[in-house]
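Colleague: One structure is given below, represented as structure tokens, and several questions about it will come after.
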Amino acid sequence: MFLPQSQAAFRTLRKATPRVRLFFINKNAYSTQVEYKPIRSVLVANRGEIAIRVFRACTELGIKSVAVYSEQDKMHMHRQKADESYMVGKGLPPVEAYLNIPEIIRVCKENDIDAVHPGYGFLSERSDFAQAVIDAGLRFIGPSPKVVQNMGDKVAARIAAIEAGVPIVPGTDGPVTTKEEALAFCQKHGLPVIFKAAYGGGGRGMRVVRKMEEVEESFQRASSEAKAAFGNGAMFIEKFIERPRHIEVQLLGDKAGNVVHLYERDCSVQRRHQKVVEIAPAPRLPIEIRDKMTEAAVRLARHVGYENAGTVEFLCDESGNFYFIEVNARLQVEHTVTEEITGIDLVQSQIRIAEGMTLNELGLTQEKILPRGYAIQCRVTTEDPANDFQPNTGRLEVFRSGEGMGIRLDSASTYAGAIISPYYDSLLVKVISHASDLQSSASKMNRALREFRIRGVKTNIPFLLNVLENQKFLHGVLDTYFIDEHPQLFKFSTTQNRAQKLLNYLGEVLVNGPQTPLATSLKPAEVTPHVPTVPLVTAPPQGLRDIIVQQGPEAFAKEVRSRKNLMLMDTTFRDAHQSLLATRVRTHDLLKISPYVAHKFNNLYSLENWGGATFDVALRFLHECPWERLEEMRKRIPNIPFQMLLRGANAVGYTSYPDNVVYKFCELAVQTGMDIFRVFDSLNYLPNLIIGMEAAGKAGGVVEAAISYTGDVSDPKRTKYDLKYYTNLADELVKAGTHVLCIKDMAGLLKPESARLLITAIRDKHPDLPIHVHTHDTSGAGVASMLACAQAGADVVDVAVDSMSGMTSQPSMGAVVASLQGTPLDTQLSLNDVSEYSAYWEQTRTLYGPFECTTTMRSGNADVYLNEIPGGQYTNLQFQAFSLGLGDFFEDVKKAYREANFLLGDIIKVTPSSKVVGDLAQFMVQNHLTSEQVLERAEELSFPKSVLEYLQGYIGIPYGGFPEPLRSRVLKDMPRIEGRPGAKMEPLDFDKLKAELKESHSNITDRDVVSAALYPQVTNEYLHYREQYGPVDKLDTRIFLSGPKVGEEFEVTLERGKTLSMKALAMAADLKANGNREVFFELNGQLRSVHIPDKEAMKEIRVHPKANKTLKSEVGAPMPGDVIDIRVNVGDKVEKGHPLVVLSAMKMEMVVQSPISGVVKKLEITKGMKLEGDDLIMVIE
């Protein structure tokens, strides 16, 4: 569109002697003598993307570009894009630096600058700046100072519009400065009206008023805002046009009085009077209205003697009437869409007009300017649309833009590592699309925005995408109410940002060490377990689950009982690793072997793979969702029944819950893929058991009621739990409707002879009932006992694959399979398949070296018949003892466990009752107490919280009742619960809980709600962790536990078809000033870095005082742990036994009670503080 056909020709023209032309023009304000004088250098008195936009135009024209920058912008991209750059406003606040007219003029004079371009914002509409530029002998690339002044004054602009015959909205003749004047206008002209700042724009100081009683307050608020923004609180008042479109016309005028329009833009998509999306040309605008509007704009420009680029803004109502709003005597943010549809470079045109070229010489006559297609501009800002568009600042960790045909980007600091400061506008990048029609342009924009990857700060891209997909927008049905009337625009799907979150996690591990507590000094092995292959294109063979799904639980039970061979349940996926590896096996490794299990072990009775301790450990230590584990296993193993451990009324928790929580849990478990519920109660307390059975049955699951076994039915001296006790309990469970009966031998106490006696007795009474026996191989007699059970009439026994069997786990699968080959009880499993399965777990087990039970336990131990420690608790208790500093005293802990059991009444020991016994045992060893001393000093000791709750009755009533006088001495006047704990609890309000979770977390599901109902604090911490670090469950186990080695390359598969390639490059040796350490990675071939706070380096050196054990007034920590609750304040009166503080270590919580009566004189702790044993907690006087 430009007259010169080449850069060479233009540069020749630039060097020519200045020419003088005479024009005879009758219009006021235009010079009759136009001088052409080339511009050799341009200083842009601005920053950011508009500065770069002007620099690019200068470079294309062969003109030197010069930048100014504030002290805070010394690293900003616009400084680097210019040929020269100079600091202005040193020592001034960031914005004031760019408003410092004398300094900007000084830079121009000192560096031989020819012209100044103001950009937009800052000084662009200051007539005094334009005048200062001209007075300094420079050229101002924009309208004359007089025009800038008159058009910036809304009153003067309104008068000019009236004189030019341009329609205006009824309004005040001049600025209004008092609320009384405002009220008088409103009473005279009626409502609604709009208050607008008389000396500024951009939506600041703007209010719409529809009620007379709101006039005064709205005026004061608008005036105050205008004064803060523009230095003058004067307001202009206009009649408010309902449902208008905001349409503006782009103009170019030269010094010879020629004015052309470049068609219009629709800026109706606004939020709080701020433009969000702009379109050119305005869609669905009748041609006759467009022509009238553009003609009026040109007429006004000629009337005021307008030159250079500018915009006339109009409101257009539903009837096609349009009204003048204002003139923007500068380039606008949205000039880009006009450039796209006309092909005219507005900035280059501005410069050439400032040089003295006419529109005719530039080839810019009206008939040659034609619109082509539609262009859309989206302003991508660093604002959080989910938080009322609050500006977001920080470091751009990742920046990847959308590009391609029909997409233009105008930006500045858009690169990884850029700092988004709070000092300036939140605009990050302008994205402009251009296509033949509106829908195609919107489609290109949508695609481009979806290609963007911006991490480190929030952006408004989710909001922009919603706008672009709105049907009214796509059809051009727009007005200024568009955003307000479409609340769905504010419903966002949260970006996952998984890769960057994982880098943050890996950086955290590399800087601060493992993010899940490691129990030993052993490292995860550097091995990639071999996964035996199966034909994944072929569906696995049918299994017993098909019967459950097609015919229901009763048919399933009947089928199990009808089979003559012994059936097996494989515990490798749950109880085996709970027993051997502290429940730490991750979903990642379970899923790898799942297809093999589905294809090779379809004859299994079930796969025990969920519930029990795996639920909270997944959340608490593995930072993964147990529900997702269940769901993903079910996808890979559709044919084998899944079995879970349900702690009766305790669900998968350690305390009692409202009944509706247990019911909801079971319902959700079945929906997610669970089949069989092995329901037990830690005290064999029937009311608790039956609640669990009813909940599982109502959910549609197979009810397998379990009798927890302790004692020895073959020993006539053990009379509390004799054969009659167990057969009577079995009768009650059958009466309650169990589909399958389970004997849960959680400590491995069931000797072969005891097994024969027990199973025979139950089988004789219930010949049609399937019997399932669960045991642990702690003593080494597990295989013999299970074979005895099978021969006595049991239908199912538990085993674990060989490499995950023995010791505190279950008996060996291979041993049982081999022992029964060729007999009527043949399991019909292949030893070769078992061997391959075992080989995978043998390698995988080495990844969990830090949790390996063989670190401290070299073999099985028959002393389990004495201490009766459950297998699933044994290793956890061992690691817990190590964490409490009792590792060298574990033999003492085992002996204390036996004593604690009898102190508590010789109870059934399985979670959570086993935890009560374990906590008391460790408490006794930690404080060097015998059982006699515990009984003697019961009134003054600070017992573990679990012991107190057990004695209060929170987990039910033990067989034979509570131990006395221990209970009375410990509890004193503490409340007691009679009967089933959950019976008196109010139903949980799930909707309320969900709403509370949504206040703190995004994407809350029903699964999260149920998890939070069971484990409020643990779930809350997990959700925070997930939001901070993403899907850490997708990392290989060694990488998850101890992080990658520097230089190590590895892959992370997020989902099918999406794999990340990662490489750890380096960790900075020096700390940042804020204590952060920079860690460098390569992600999919691109350099990334994360900043991680170095917790060790940031620690303040402080030695916590220890309690003097000889002084009862000093209360010390009875164990190492975290302070999770402080129940008293300084000055509080306390009685002996009053709860003071709650400590937590691992899963054990303890209430520290006051050893004496008195007044709290001094507190030495804060919530969240980590304490060592004997650290001083408080002083009581």
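Yeah, the Cβs are placed from backbone N, Cα and C, and that goes for glycine too.
Pulled these from TrEMBL:
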- Arg330: active site (ACT_SITE)
- Lys154, Glu238, His273: ATP binding site (BINDING)
- Asp575, Lys744, His774, His776: Mn(2+) binding site (BINDING)
- Arg647, Thr911: substrate binding site (BINDING)
- 38-488: domain 'Biotin carboxylation' (DOMAIN)
- 158-355: domain 'ATP-grasp' (DOMAIN)
- 566-835: domain 'Pyruvate carboxyltransferase' (DOMAIN)
- 1112-1181: domain 'Lipoyl-binding' (DOMAIN)
- Lys744: N6-carboxylysine (MOD_RES)
- Lys1147: N6-biotinyllysine (MOD_RES)
Colleague: Quick check: with Asp575, Lys744, His774, His776 left out, which same-chain residues have Cβ atoms within 8 Å of the centroid of the Mn(2+) site Cβ atoms?
Modeller: Thr571, Asp745, Met746, Thr775, Asp798, Gln810, Pro870, Gly871, Gly872
Colleague: Can you count the other CB atoms that lie within 10 A of the CB of Asp575 (Mn(2+) binding site)?
Modeller: 30
Colleague: Run through the domain 'Lipoyl-binding' (1112-1181) and tell me, per DSSP, how many residues are helix, strand and coil.
Modeller: 0 helix, 38 strand, 32 coil
Colleague: Would you mind checking how many other C-beta atoms are within 10 angstroms of the C-beta on Thr911 (substrate binding site)?
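Modeller: Its Cβ has 25 other Cβ atoms within 10 Å.
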Colleague: Counting only residues 6+ away in sequence within the same chain, which have a CB under 8 Å from the CB of Glu238 (ATP binding site)?
Modeller: Val169, Pro170, Gly171, Thr172, Val193, Ile194, Lys196
Colleague: How many other Cβ atoms are found within 10 Å of the Cβ atom of Lys744 (Mn(2+) binding site), counting all protein chains shown?
Modeller: 26
Colleague: Within the domain 'Pyruvate carboxyltransferase' (566-835), what mean pLDDT does the predicted structure show?
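Modeller: That region's mean pLDDT is 95.
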Colleague: List only the single closest residue to His776 (Mn(2+) binding site), chosen from the binding-site residues Lys154, Arg647, Thr911 by CA-CA distance.
Modeller: Thr911
Colleague: Relative to the mean position of the Cβ atoms of Lys154, Glu238, His273, the recorded ATP site, which additional same-chain residues have Cβ within 8 Å?
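Modeller: For the ATP site the neighbour list reads Ile194, Phe195, Lys196, Ala197, Gly201, Met206, Phe236, Ile325, Glu326.
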Colleague: Pick out which of the recorded positions Lys154, His273, Arg330, His774, His776 has the most other Cβ atoms within 10 Å of its own Cβ.
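Modeller: By the 10 Å Cβ neighbour count, His776 comes out on top.
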Colleague: Starting from the Cβ of Arg647 (substrate binding site), draw a 10 Å sphere and report how many other Cβ atoms land inside it.
Modeller: 27
Colleague: So among His273, Lys744, His774, all listed as binding-site residues, which is physically nearest to Thr911 (substrate binding site)? Use the C-alpha atoms.
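Modeller: Result for Thr911 (substrate binding site): the nearest of the binding-site residues is Lys744.
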Colleague: If the ATP binders are Lys154, Glu238, His273 per the record, what's the largest distance between their Cα atoms, in Å?
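Modeller: Answer in Å: the longest Cα-Cα distance is 17.
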Colleague: Spatially, which candidate from the binding-site residues Arg647, Lys744, His774 is nearest to His273 (ATP binding site), comparing Cα atoms?
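Modeller: Nearest candidate: Arg647.
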